[in-house]
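> Per Swiss-Prot, active site, charge relay system is recorded for Asp167, His208, Ser384, and the stated evidence type is sequence analysis. Annotation comment: Swiss-Prot describes Cys225-Cys376, Cys317-Cys347, Cys468-Cys494 as disulfide bond, evidence class similarity to another entry. The domain 'Peptidase S8' annotation in Swiss-Prot covers 129-453 and rests on sequence analysis. According to Swiss-Prot, the domain 'P/Homo B' annotation covers 461-597, on the basis of sequence analysis. The N-linked glycosylation site annotation in Swiss-Prot covers Asn375, Asn514, Asn524 and rests on sequence analysis. The signal peptide annotation in Swiss-Prot covers 1-25.
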Amino acid sequence: MKGGCVSQWKAAAGFLFCVMVFASAERPVFTNHFLVELHKGGEDEARQVAAEHGFGVRKLPFAEGLYHFYHNGLAKAKRRRSLHHKQQLERDPRVKMALQQEGFDRKKRGYRDINEIDINMNDPLFTKQWYLINTGQADGTPGLDLNVAEAWELGYTGKGVTIGIMDDGIDYLHPDLASNYNAEASYDFSSNDPYPYPRYTDDWFNSHGTRCAGEVSAAANNNICGVGVAYNSKVAGIRMLDQPFMTDIIEASSISHMPQLIDIYSASWGPTDNGKTVDGPRELTLQAMADGVNKGRGGKGSIYVWASGDGGSYDDCNCDGYASSMWTISINSAINDGRTALYDESCSSTLASTFSNGRKRNPEAGVATTDLYGNCTLRHSGTSAAAPEAAGVFALALEANLGLTWRDMQHLTVLTSKRNQLHDEVHQWRRNGVGLEFNHLFGYGVLDAGAMVKMAKDWKTVPERFHCVGGSVQDPEKIPSTGKLVLTLTTDACEGKENFVRYLEHVQAVITVNATRRGDLNINMTSPMGTKSILLSRRPRDDDSKVGFDKWPFMTTHTWGEDARGTWTLELGFVGSAPQKGVLKEWTLMLHGTQSAPYIDQVVRDYQSKLAMSKKEELEEELDEAVERSLKSILNKN
């Protein structure tokens, strides 16, 4: 498949984003969903038009004048366009545009079968929830957990926070979920009704969302199943996965559903993790995400949590446009002894990790949570289980400080996540140019709920975010079969302009490249401060030789806090012994961050923390720059 930007970088609600389009050699699939724009009139007019032509209708909350029409008399998926219905709408003088939605695959992630702290819970599975409090259960490593006990003891349990589970529905009648279910914030986009109950199957395949919901919001001390990470939070069901094919309208509607009621959206799904797919959000979904981080939660921004992917060493989550988005917090997983799970994908866009299973046959090494029809399970797994745990931790932080923005949450994640006893046999732990420790698979470490709520209490909103095109290489360059193509870009990060970026958050390398075998490409980028990010690692199952990457935005978080000014280096080469050919057609450097120091005004309570180290670095840099300005002033006067 192909993803890329079909237009220039667009300004949308104050953000730059890339409009991706995707092409496939397979025949397209057409659904019974239509995107309709009217010449004028509001929802009443849209309902009238829809009714006259046999459609149901929903207004799209993130786009003025656009409507979601659906026709229950049409097949949900077929190979031919419904030209009759499309033309019927287009002939109506009130209709400006009607576009039948194509379907595409989205897969659930990780659906597999497989007491030192004085926290007393009577829930029968609580002692098996090692990811909450790890005392060595199932041969785990004591102390390797989310440190929720400290957050709970400080009084934070997620009260006043709502998490939306975007999935195959949730069993909202489950006795461990019913008291925390937020019906007002829930919706079924698969059936277009307000009841997101899972569709029954003999194999209980649609238990995925219910399991995720229990990890976040299962009630405490009710003698049922286990305990949610944020057990006093509310959970909303957004049923959107259970149809033959996904559409842009359904994704966009789900991501933008009730953004003033839902604080955190948890997604344990994405493009197929087969090691050869390159895919991401379409135009409406990108628009909805941009709208969410700008306008959600009263302007503080919706918080999107994404499972990084289950393709293992055969895949790279930078080929997933959801997990690698700047607007999402991408979460990987570790097992209960700190090792990587066999299905873990690695990439430079992953921000942090939580826990799941993935190596051990012991059933108690899985994630204990709620299951369909009032049941419980010990067998939830994959990064599907990791993302809801993170959503629960973020709910605890929001209870500590409801004023946190979507970017504040990312900064808190970077600063409070810990290496703990995580172990990656492939990628070493390294420090970036400002001393922040990271790993290519685990990101900045495992979430620490206690540390996060304590820092969140005192947190001051980070400075305004700016975006700078740091430079671009547009001349085609051949990639040698052996050795590497090495290119450099020297940038001032827009210094002296309104959009100057001094302290980095996210960096994107927008790349167009073709190769005789896409899966053998390896791409690294090194910052001016010497931090190397692996933008793309080998994907042995990817045999593409025609499509390549078309303006694909590879993203890294590994240069967080660094100074973007200076020379950036891009290296492209092939892994493997077979002769190869390739051409790099474009490399554009996109810098995102702040002009002023983000941590200089923060309260430091732990002088051994990453915050203390980062603040010290900022103060020294501010002093150096002040001295330099004074010297220049003196020299100019003389």
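In case you wondered, yes, glycine gets a Cβ from its N, Cα and C as well.
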> If you compare CA-to-CA distances from Cys494 (disulfide bond) to each of the recorded positions His208, Cys317, Ser384, which comes out shortest?
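Ranked by Cα distance from Cys494 (disulfide bond), first place goes to Cys317.
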> Could you tell me the mean pLDDT over the domain 'P/Homo B' (461-597), as a whole number?
98
> Within a 10 Å radius of its Cβ, which of these recorded positions (Asn375, Ser384, Asn514, Asn524) has the fewest neighbouring Cβ atoms?
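Least crowded of the recorded positions Asn375, Ser384, Asn514, Asn524, by Cβ count within 10 Å, is Asn375.
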> In whole Å, note down how far the CA of Asn514 (N-linked glycosylation site) lies from the CA of Cys317 (disulfide bond).
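Given the Cα positions, Cys317 (disulfide bond) is 19 Å from Asn514 (N-linked glycosylation site).
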> Can you tell me the three-state DSSP label for His208 (active site, charge relay system)?
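In the DSSP reduction, His208 (active site, charge relay system) maps to helix.
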> Reduce the DSSP letter at Asn514 (N-linked glycosylation site) to three states and note it down.
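Going by the DSSP assignment, Asn514 (N-linked glycosylation site) falls within a strand, counted as strand.
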> Does DSSP put Cys317 (disulfide bond) in a helix, in a strand, or in coil?
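Assignment for Cys317 (disulfide bond) reads helix.
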> Can you tell me how many other Cβ atoms are located within 10 Å of the Cβ belonging to Cys376 (disulfide bond)?
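Taking every protein chain into account, the count is 20.
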> For Cys376 (disulfide bond), which of the active-site residues Asp167, His208, Ser384 has the nearest Cα in space?
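Considering only the listed active-site residues, the nearest one is His208.
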> Taking only the recorded positions Asp167, Cys347, Asn514, Asn524, which one has a CA atom nearest to the CA atom of His208 (active site, charge relay system)?
Asp167
> Could you check what DSSP calls Cys468 (disulfide bond) once collapsed to helix, strand or coil?
strand
> Over all shown protein chains, what is the count of other CB atoms within 10 A of the CB belonging to Cys317 (disulfide bond)?
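Cys317 (disulfide bond): 28 neighbouring Cβ atoms within 10 Å.
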> Which has the fewest other Cβ atoms within 10 Å: Cys225, Cys347, Cys494, the disulfide-bonded residues listed?
Cys494
> Taking Cα atoms as reference points, rank the recorded positions Asp167, Asn375, Cys468, Asn514, Asn524 by distance from Ser384 (active site, charge relay system) and give the first.
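Result for Ser384 (active site, charge relay system): the nearest of the recorded positions is Asp167.
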